[in-house]
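This report refers to the structure that appears directly beneath it.
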Amino acid sequence: MIVDKLLDDSRGGEGLRDAAGGCGLMTSPLNLSYFYGASPPAAAPGACDASCSVLGPSAPGSPGSDSSDFSSASSVSSCGAVESRSRGGARAERQPVEPHMGVGRQQRGPFQGVRVKNSVKELLLHIRSHKQKASGQAVDDFKTQGVNIEQFRELKNTVSYSGKRKGPDSLSDGPACKRPALLHSQFLTPPQTPTPGESMEDVHLNEPKQESSADLLQNIINIKNECSPVSLNTVQVSWLNPVVVPQSSPAEQCQDFHGGQVFSPPQKCQPFQVRGSQQMIDQASLYQYSPQNQHVEQQPHYTHKPTLEYSPFPIPPQSPAYEPNLFDGPESQFCPNQSLVSLLGDQRESENIANPMQTSSSVQQQNDAHLHSFSMMPSSACEAMVGHEMASDSSNTSLPFSNMGNPMNTTQLGKSLFQWQVEQEESKLANISQDQFLSKDADGDTFLHIAVAQGRRALSYVLARKMNALHMLDIKEHNGQSAFQVAVAANQHLIVQDLVNIGAQVNTTDCWGRTPLHVCAEKGHSQVLQAIQKGAVGSNQFVDLEATNYDGLTPLHCAVIAHNAVVHELQRNQQPHSPEVQELLLKNKSLVDTIKCLIQMGAAVEAKDRKSGRTALHLAAEEANLELIRLFLELPSCLSFVNAKAYNGNTALHVAASLQYRLTQLDAVRLLMRKGADPSTRNLENEQPVHLVPDGPVGEQIRRILKGKSIQQRAPPY
């Protein structure tokens with residue numbers, strides 16, 4: 001190390017700058033005295049050159065080290081001093097050093113201070129000076145190429161702005177919520193990092209010289225040519241036009257921020273594009289909805305409304321491949337109200353329905369100031385559609401929801417075929433007189449009887465209403481049957497229900513004393529029976545289930561007798577797959593359903609006929625009808641009629657035991673015995689069931705069953 005004295009004040013400024021830049025300080029006074037003792041003599045300047053050439057800057061020494069290697073430390077420091085003198089300019093010749101502590105030094109003038117040179121700092125300064133030379137050469141190259149740097153003065157001033165920008169500082173005039181970001185990569189990262197001994201102000205003083213490198217200028221050129229100040233919080237969206245919207249004022253930005261987003265209306269299924277290419281614009285123009293050559297004037301932004309808002313951006317010209325449609329025209333106006341009313345068919349209730357072809361009057365009043373230039377349908381299209389509707393009533397073109405909300409149209413849509421037929425029949429019978437309605441043929445049948453027999457429901461309904469108005473609904477033909485009874489016999493359950501609802505009497509009888517229920521029971525019309533019950537409940541009529549015919553039979557008796565006949569035919573027929581057997585099976589099923597329906601309606605099984613006093617169980621036992629016997633005995637009240645006697649004193653067990661040549665006789669007797677029939681009961685001739693059993697193998701089995709039961713009952717209690 002070498003201690004240099006500053007000789008004169010002429011180079012004092014440069015020396016102070018070097019001293020301030022070095023920031024070298026002595027760490028110990030012992031080292032200072034030690035340093036003075038280790039100074040080489042002034043007569044050896046060549047030794048310094050030799051040592052610098054041999055050692056060089058590769059072996060620097062610490063200024064505060066206590067090493068004993070004096071030659072190494074002194075040689076490195078002397079080299080640093082030589083370099084310092086070469087940078088600072090010509091120095092004055094060294095004066096003879098005064099002898100201090102036995103060592104001679106050159107005299108350099110009055111002592112002004114001590115500077116300790118740091119070799120590491122000198123190395124950094126050397127590297128920076130090399131960069132400054134390279135940057136100066138690059139600037140000269142750019143000047144020779146004709147690059148104008150004046151146009152980038154504004155950017156350079158922004159980049160070289162002194163000091164670190166603080167948080168609250170705003171670089172734009174806009175509000176803080178939409179402040180545009182500066183797209184400069186060198187703004188937050190300075191090109192050089194100052195050392196701890198340097199201040200930020202010194203760094204910014206040297207910054208303009210160090211930023212003039214080739215890479216920095218190239219980055220500035222790229223930033224200026226390619227980028228524009230765009231806010232990171234704002235997305236510019238355009239449906240068709242890719243032109244960048246110019247930067248708006250802070251007031252407009254604030255209004256956009258608080259007022260909500262405003263988009264242009266979708267142009268006829270147009271795809272969503274953001275700054276698309278020209279080729280994409282041509283493809284998207286095919287789907288444009290607005291008319292050709294339509295330019296919307298720029299309007300100020302309004303507050304958000306539920307109505308349709310449009311963008312103030314100009315619409316680009318159409319593509320050559322664009323095909324005009326019905327709604328395109330040179331003039332754009334809203335459709336007149338008269339044409340819309342004709343299109344909707346005078347539907348007053350459909351005004352509240354959202355229709356793409358029409359806007360409500362209230363909406364038009366609200367937006368009349370700024371939507372007068374925007375059209376959704378030209379007047380020519382309205383006229384074309386009105387003319388098309390007038391030309392053809394059965395046109396397929398119709399507006400959606402045009403029939404909604406109209407009570408007449410709702411009734412029209414909900415009308416059934418029967419209602420339409422009734423209207424047709426009423427129009428046909430409008431001119432029929434009263435005498436013609438009441439006229440009869442040779443058999444005493446009226447128009448109503450004939451219509452019911454033919455199954456013409458609509459005509460029967462119209463005639464029945466007209467006959468009921470004349471109080472002639474229950475008029476009868478030559479057999480004493482009314483139109484209602486004819487409908488029951490014809491198995492027209494719908495007509496039966498209509499007639500009962502109109503007012504036909506359900507308990508009327510014919511010439512045989514049969515009520516409509518007797519006819520249903522004999523024929524097995526279970527659906528008609530249900531229709532009578534339903535109609536009677538609706539018309540508040542009482543149905544007499546115990547009414548008897550001239551034979552004294554109730555409807556249930558008639559149904560059992562009819563079923564016995566079918567069972568007898570099935571037992572006698574030996575061809576199970578013949579058509580006759582299939583028909584009998586169907587009739588058998590219908591009769592069983594009719595009997596069940598009668599029981600459900602409330603028919604009494606224990607009811608007796610007027611002539612013989614037989615119950616329904618007696619009638620079922622006469623044919624060994626297992627199906628009906630089982631049906632009756634499964635009722636909760638079976639014990640009240642299982643031992644019921646007829647007028648001759650016979651029970652159902654007497655009847656079943658006395659049968660001959662019946663395949664199901666044994667099963668019928670066993671079933672009756674199991675359900676509580678008494679074999680000891682005697683009739684008027686003092687006969688028990690066992691006395692009536694015929695001879696034969698089947699008779700022996702029946703006697704065994706009856707005796708076994710009777711023996712158990714007659715057994716003595718001991």
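The backbone N, Cα and C atoms fix where each Cβ goes, glycine too.
Noted in Swiss-Prot for the protein shown:
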type	residues	note
REGION	1-20	region 'Disordered'
REGION	58-108	region 'Disordered'
REGION	186-211	region 'Disordered'
REGION	321-394	region 'Required for transcriptional activity'
REGION	404-718	region 'Interaction with NFKB1/p50'
REPEAT	479-508	repeat 'ANK 2'
REPEAT	512-541	repeat 'ANK 3'
REPEAT	612-641	repeat 'ANK 6'
Across the region 'Interaction with NFKB1/p50' (404-718), average pLDDT on the 0 to 100 scale | 89
Report, as numbers and ranges, which residues of the same chain sit near the repeat 'ANK 6' (612-641): CB under 8 Å and 6 or more residues beyond its ends.
-> 556-557, 560-561, 563-564, 567-568, 592, 595-596, 599, 605-606, 647-648, 650-653, 655-656, 659, 662-665, 667-668, 671-672, 675-676
Could you tell me how many residues in the repeat 'ANK 2' (479-508) are helical, how many are strand and how many are coil under DSSP?
-> 17 helix, 1 strand, 12 coil
